[in-house]
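Here's the structure, in structure tokens; my notes come after.
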Amino acid sequence: MPQHTELVVLLDDDGETIGTAPKATVHTRDTALHLAFSCHVFDAQGRILVTRRAIGKLTWPGVWTNSFCGHPAPDEDMREAVHRRAEQELGLELESVELVLPDFRYRATDAAGVVENEICPVFRAVAASPVDPRPEEVGEYQWVDPEQLIPAVAHTPWAFSPWLTLQLPLLYPEHAAHSGLAETAAAAAAVPAA
């Protein structure tokens, strides 16, 4: 049976689609700008689901991050991609999927030199089923109060993904300002991306 090649959508600096490329060829030291998304999932108590990326992941293995991320397929509706990836990565059904940071964009280099270079709209959603993570995607997970997550990221940013570090001050500006996270994120954003 032929193996399915996952494609990512390549973008120009204005965010316009310029083509596609196999996902396996995109995340390198010279990563092209491409389309992705992040999602922050909440439970009925208002806690956020954070996940620790599996050790086998190509980028940022073993670090804590937001609930999940992914790449929409060419011509796939972004909300459909969010639902698809929640099921693939976490065995999770979602409700109330809402776009909260439509213009989020970042570039970061991990310890192995692999670059993420994404226009990455950020969504929030509510869990509609129990979490059943796939071990090849998620090493572990926790439900945490956002007010506890923010100082943890501010004090140990190296333990978290750079996109989470950059997203939290935008999602929770009132808490980030008091925790030092705004300064941590500003410093991370100021690091040249090589």
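Don't overthink the numbers, they just go from 1 along the chain as shown.
Here the Cβ of each residue, glycine as well, is placed from N, Cα and C on the backbone.
For reference, Swiss-Prot has these:
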ACT_SITE  C69  active site
ACT_SITE  E118  active site
BINDING   H27, H34, H71, E116, E118  Mn(2+) binding site
BINDING   E89  Mg(2+) binding site
DOMAIN    32-166  domain 'Nudix hydrolase'
Secondary structure content of the domain 'Nudix hydrolase' (32-166), with strand meaning DSSP E or B: 31 helix, 51 strand, 53 coil
Candidates H27, H34, E89, E116, E118 (recorded positions) with Cα within 10 Å of C69 (active site): E89
Residue among binding-site residues H27, H34, H71, E89 with Cα closest to the Cα of E118 (active site): H34
Local confidence of the prediction over the domain 'Nudix hydrolase' (32-166), expressed as mean pLDDT: 95
Spatially closest candidate among H27, H71, E116, the listed binding-site residues, to E89 (Mg(2+) binding site) (Cα to Cα): H71
Cβ neighbours of H71 (Mn(2+) binding site) where a neighbour is any other Cβ within 10 Å: 20
